[in-house]
Amino acid sequence: MSPRDRSGGSPLVTREDRRRGRSPLSTHPDLPIHRASNQTLVLGGLLMLMDALVVVRHVWAAQLVLVVLLLTLPGYLLLRALRMRSAAMTAFPLYIPAASLLVLLGSGLLVNLVGPMVGVAAPLRPVPLLVSLQIICAVLLVAGALAPSGSALRLNGLPPARWLTLPLLVPVLAAVGAIRLNTGHNMAVALTTLVLCVIALTVATAAADTLDFGRLSMILYVVALSMMWSFSLRSDLVYGFDIASEYGATHRTAMEGLWHAGDGDAYNAMLSITMLPAQIHSLTGITDAVVLKAVYPAIFAIFPVGVFRLAGRFVPRRWAFLAAAYVLVQGGIMKQLPALARQEIALLMFVALLGTVFDDKIGRTARAVLVSLFVGGMIVSHYSTAYLAVTVFGGALALQAVVSVVRRKRSVNLAVAGVFGAGLLIGAIWYVPVTHAAANLTSFGSLLDSKGFQFLPGLKDGNFVSAYMKGTETAGITAKDYQPKIAEEFRQHKAFVKPHADAAQKKYDLAARPLPKSPVLVPALRGLINTGELVAQQLGNLLGMIGALVVISRRKSPGPIRVIAQLALPALFMLALFRLSSTFATAYNQGRAQLQAMVILVIPLMWLITRLPLWVRRRSGARPASLVDRGLSTLTAGGLIVIFLNTCGFTGAFFGGDKAGNLSSSGEDYDRFSMKRPELAGAAWLGRKVEYDREFVYADRYAVLRVFAETTITDRVFTDVTPQTLDQHAWIYASRSNTVDGRARGQIDNSVSVYAFPTAFVHDHYNLVYSNGMSEVFHR
Amino acid sequence: MSTADAPGGLSPARKSLIALAVLLMVLGGAQTPPGGTVLRALGLTAEPPAYTELSFTTPAALPDFVQAGAVPEHASFEIRNRGTTAQDYRWSVYVERGKRRVKAGSGALRLGPGAARTLKPPALRCTSGPVRVVVQLDGRTERITFHSVCQRPGDLV
């Protein structure tokens, strides 16, 4: 076993290594000066290669190499300029892509600011972008040229070539499976990919003791990417809810070649869905939609690797892998994140931030700079991720202050205070004077004023546990109940909408049109697995909390894990808040908050489990600790695999019921999220005709994603297409689900209704002004 | 022993570079016409869906009143072929009142891929009162309509 293995992912750094600035990974003595200058030449050559490839960016092979270069080279140059040692980079590989994104964002902001001043109207085009990026990279190259040899990246810590290449065939297969489903083929390839992912994860959990960090990281990356692509590559455009609006923001920025700061729009304020994808699109020639649906997942798939490497600093490798697998299998990464481009980037920054805060292999100055940069990267990428992160660090700081007072000993951690301070400062600058996008905070305050806390909306029968488990998730409501409720909602809160006089006539009553149900082979088993998944998640939270409390209360807990535990408690508090309050849940979806918080929570959770065998042995002395440890890890791994079978769509494929969008070309998810070209053409036509500032647009919750994707219409859009909520003068966009299947979807509070599209009413009162066989536009 | 340690063997980095080179060659091949044929055969690409757009050119200005026997103003419509091959179209215009339907006229045209043509509706045959004017492509599902009130020359306005 190498020193690297024994140290749980943190390569042992000897005093001699530190003194000589030498990497412990390398079996060679320090690189001589001429080797270091050779490396500078190689890096300079790669920068020139980037220039050349941008010229031929219409060639797919050039696009692939450009993506790899853009996501590694600038980041490495930045880390090298900050004198980060090779050992730190290889022990936490997420630093490199995260730092690359920082450099890209920085170069983009620079050219976006300076370009218009010097007469470049569209600075986010290839030439200005490349000039800006090359200038920054050249400065970093020069700044890093005299870095100690320990900063020179050495590849001899990597797994063998077959481990770097063959596993990548699985995501390729996942992409093939998704595309074949799009082109009308069966799910055989997609299902094969799922089976391979299940096998890979099972084998890896079983063999986590024998596989090294590099191989286990590769497995996590491959499974994460495969699962993400299996969803994200469905649809003719992007696949998912939020990503439709995100694509709209990306496309507008890319088309205009300029990012507008300060227009107050929350989406426009996030560089992760405006400037960054526009930059990657311009520099690589990859379409903006493909950047969001393929390149972003390829970047984000390193997130579980980051969790693994972070946890590996606190718990043994096997448990660190289980921690990362626990985060990976919960569905958020595979299903939600590919449809949340902004959070893919923000969460990556968040993990990079945590990695930096707890990395003792980085010098103080470099660490302070990187912490500020990663905090900044997170803030400009996604406000909710940033708000939660700053709140968690603020909570930990408050906790430390309390401990300081109680113990009469300074317990405030400077890194935590630094993150909190930087978050507040950069956040205040970014959201107020730069983007004027702090409205989401004020609107949350208004919502809290008007609707209150909205405690546990599911608490109807007095069963608190059931209501808490259900949280703020949506429930169903019949068309008969939905119609009067939504009509009343419009009367009370949207009185400016003037419905037709005859809208309440009996003949126009909403009719039920339930979704076709696929038979479930073993309903009890499906129900059990679904419940088990939720229980496992909440049990994880509970054990994480217990672990955090134990860590904090033990005097001999090491400093870093004590800080992690102090971060875990406010994170848990926020999770409980999102689950208990509908109002807070509107500010940050509880599933996404859970994913972000899990990065921190899994560490005390796994730490607690690893301590159990020792405590059992101390108490009974009967069984060897390793046996209990083995039993616990087998139990945990088994549970994770069962959850994974459910969340990846495997159980749906074999036990019936609703199939996930990665295995099917029918069903609710597919109808909502898979956008067809004729549907998009209809939405685009609508976008060219509407007078945005004064006309109402209606599109139900099936159709509205096409409108968000293809137009800039964001205000005055209503998703309740019912006779009593349609204004007398409005545009109505109808998608395939409305026109072909005759089905519509509406929502009030947390209740969703699926009903028959009110075809008769719409045809009686509106002109049908556009038709293409799959989508229609009405107007009056 | 890792591959890197094998005496005389290629380092992981070099092997990875070779694998990358192979991948780039495959990508390069896939972008050629024969590669495109292979991708189609594998179900990885498909012809873009062929569809036709039928729309009013000024949807916000459709006439509230139409004159019997006259060509309605602001009611021109466009047919756009969004397919990859040329298409023959036959269009018809009807005037509907309740369940009664009267054909006002029809026409035919051929449109190449991506081509569009704007057409004016024919003079309408209708009696006084509310009507619905329907433009449809024969033998296809695309149709557009507008509500109006038919006026005969002697009607009081």
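Heads up, the Cβ atoms here are built off N, Cα and C, so glycines get one too.
Looking at the stretches A:42-60, A:213-231, the one that TrEMBL records under the feature transmembrane segment is A:213-231. Among residues of the same chain six or more beyond the transmembrane segment (A:413-432), those with a C-beta under 8 A of the stretch's C-beta atoms are 269, 353, 357, 367-368, 371-372, 375-376, 379-380, 383, 386-387, 389-390, 393-394, 396-397, 400, 438, 441, 559, 563, 566-567.
By the Cβ criterion (under 8 Å, sequence separation of 6 or more), the transmembrane segment (A:387-406) is in contact with the transmembrane segment (A:593-614), since 3+ such pairs are found.
By the Cβ criterion (distance under 8 Å, sequence gap of 6 or more), the transmembrane segment (A:534-552) is not counted as touching the transmembrane segment (A:127-149), fewer than 3 such pairs being found. Among the listed stretches A:127-149, A:213-231, A:294-312, A:564-581, A:593-614, the one sharing the most Cβ pairs under 8 Å with the transmembrane segment (A:62-82) is A:127-149. Through the fold, the transmembrane segment (A:213-231) approaches residues 4-5, 9, 91, 93, 157-159, 163-164, 167-168, 170-171, 173-175, 177-178, 190, 193-194, 196-197, 200-201, 204, 239-240, 294, 297-298, 300-305, 308-309, 312, 317, 321, 324-325, 328, 333-335, 337-339, 648-649, 660-662 of its own chain, all at least 6 residues removed from its boundaries and within a Cβ separation under 8 Å. In summary, the transmembrane segment (A:319-334) does not lie against the transmembrane segment (A:127-149): fewer than three C-beta pairs, each 6 or more positions apart in sequence, are under 8 Å.
Spatially, the transmembrane segment (A:127-149) is adjacent to the transmembrane segment (A:94-115); three or more Cβ-Cβ distances between them are under 8 Å for residues at least 6 apart in sequence.
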